[in-house]
C-alpha cells in the first residue's frame with residue numbers, strides 16, 4: 001500500500017466541474033523520516049527548507065489557484081480559466097513531483113532494487129549500472145531547473161527515462177507513469193553541493209528507496 005504522500009498524488013490537479021465545489025484542499029504530506037535522516041548525502045537544512053518552504057509554497061499556491069479556477073468556472077469566464085492554467089500546471093506539478101520524491105528517498109535506501117524491477121531494468125537498459133548512468137546523465141543535462149525520471153509506459157510495457165523542465169509532471173507531460181524522480185532544481189542541493197550538480201546526483205543514489213520504486217512499478221503493471 002502506498003504511503004500518504006504517494007496517495008495524495010493520485011488526485012487530479014484540476015477536479016471535474018461537478019466535484020470542484022466540494023473539493024478538499026491539498027495539504028503538505030508529512031515526511032516518513034526526520035529532516036536529518038538522509039545525512040550525510042542530503043543535509044537537514046536542505047530537507048527542511050525543501051519540504052517546509054518550497055513544497056509548502058506549491059501546495060498553498062495550488063489551493064489558491066484552484067479557488068480562482070472554481071470562481072472562473074462558475075462564472076463561465078473562459079479567459080480567466082485559460083490564464084490560470086500555467087499556475088495550475090506549475091504548482092500542481094510541484095505538489096505531485098515532490099510528493100513522489102519524498103517517498104522515493106529513505107535513510108535505509110541505496111544499493112540496487114530486487115526482483116521484477118531489477119529484471120525489468122536489465123531488460124530495458126542492459127544492466128543496473130547502465131540504467132544508473134543514463135538516468136544520471138539525463139538529470140545532469142537538464143538545463144536550468146527540472147527533474148530526471150524513471151517512468152513506465154503502459155502502451156509499450158517498458159521502463160523509460162525522461163527529463164521534465166521546471167515542475168512539469170511526468171505523466172501529464174509524457175504519459176509515462178512516474179516511478180522514480182530526481183529533483184535537480186538548485187534548491188534541492190545548492191546549500192550542500194553548490195553548483196556541482198553531478199556530486200549531488202552521485203550522492204542521491206545512496207538514499208534511493210527501491211522498495212517504494214518497486215511498489216510503484218508493481219502497482220502500475222496491474
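Each residue, glycine too, has its Cβ placed from N, Cα and C.
Not measured: the values here are computed from a predicted model.
The domain 'Manganese/iron superoxide dismutase N-terminal' annotation in TrEMBL covers 25-106. Here TrEMBL flags 50, 98, 183, 187 as Mn(2+) binding site. The domain 'Manganese/iron superoxide dismutase C-terminal' feature in TrEMBL is assigned to 113-216.
In the shown protein chains, 25 other C-beta atoms lie within 10 A of the C-beta of residue 183 (Mn(2+) binding site). Each residue in the domain 'Manganese/iron superoxide dismutase C-terminal' (113-216) gets a DSSP state, and the totals come to 54 helix, 24 strand, 26 coil. Counting other Cβ atoms within 10 Å of each Cβ, the binding-site residues 98, 187 show the lowest value at 187. Note on the domain 'Manganese/iron superoxide dismutase N-terminal' (25-106): DSSP counts are 58 helix, 1 strand, 23 coil. Those same-chain residues not listed among 50, 98, 183, 187 yet with C-beta within 8 angstroms of the centroid of the Mn(2+) site C-beta atoms are 51, 54, 55, 101, 185, 188.
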